[in-house]
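Taken from TrEMBL, the feature transmembrane segment applies to 14-38, 58-76, 88-107, 127-149, 161-180. Here TrEMBL flags 20-202 as domain 'Cytochrome b561'.
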Amino acid sequence: MESRASAAPAPRALPYYVAFSQLLGLTVVATTGAWLGLYRGGIAWESALQFNVHPLCMVIGLVFLQGDALLVYRVFRNEAKRTTKVLHGLLHVFAFIIALVGLVAVFDYHRKNGYADLYSLHSWCGILVFVLYFVQWLVGFSFFLFPGASFSLRSRYRPQHIFFGATIFLLSLGTALLGLKEALLFKLGKLGLSQNDIPPTP
């Protein structure tokens with residue numbers, strides 16, 4: 001009977017690790033918002049600031065919320081397993097929707113300003129991560145929530161689901177760092193190059 005997420009006792013230090021992870025995640029989101037507000041003009045959809053929606057949504061969705069979704073089974077290990085599954089799935093849904101808004105924002109910004117899409121390593125890594133994330137969610141939903149696979153099939157797939165979940169999260173972090181590096185390089189390029197030498201990028 002799967003009434004509980006786990007019967008194993010939680011490590012004594014787990015609440016401190018979880019609290020630290022939440023503090024760190026919220027700090028990353030707040031720092032990203034402050035950076036966009038103080039140094040990149042803020043956020044708006046119908047203006048030149050539309051591009052700034054992209055990094056904020058990606059950090060909230062694919063870094064903070066995805067990380068929280070991965071922690072659910074550790075934090076609520078003694079709760080009803082069905083409840084934990086639903087919470088895990090919902091956090092991933094919210095992360096996906098927010099990340100989708102971020103993707104729409106950057107593609108729409110490029111279209112309005114005549115910029116090329118997918119012109120950098122960050123762009124291609126981002127698309128790959130987003131597609132992998134969506135596929136992982138669809139497969140996980142069909143295996144563990146609805147319609148749900150047999151118990152033996154779920155048991156065989158669970159290690160792969162955990163592995164790919166952690167891998168996609170790490171890829172999300174790497175892609176976010178690539179994006180920040182790219183923004184820094186464009187900023188430095190604009191400071192050191194003439195206007196004619198600057199590529200047509202945000």
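Heads up, residue numbers simply count up from 1 along the chain you see.
Cβ coordinates are placed from backbone N, Cα and C, and glycine is handled just like the others.
The stretch in closest packing with the transmembrane segment (161-180), judged by the count of Cβ pairs under 8 Å and taken from 14-38, 88-107, 127-149, is 127-149. Summarising model confidence by region, the domain 'Cytochrome b561' (20-202) averages a pLDDT of 90. Proximity of distant same-chain residues to the transmembrane segment (14-38), defined by a Cβ-Cβ separation under 8 Å and at least 6 residues beyond the stretch ends, is recorded for 52, 55-56, 59-60, 63-64, 67-68, 71, 74-75. Same-chain neighbours of the transmembrane segment (127-149): 62, 66, 85-86, 89, 92-93, 95-96, 99, 103, 118, 157, 161, 164-165, 168, 171-172, 175, counting only residues six or more beyond its ends whose CB sits under 8 Å from a CB of the stretch. When Cβ-Cβ distances below 8 Å are used as the criterion, the transmembrane segment (88-107) is approached by residues 45, 50-51, 53-58, 60-62, 65-66, 68-69, 72-73, 117, 126, 130, 133-134, 137, 140-141, 144-145 of the same chain, each at least six residues removed from its ends.
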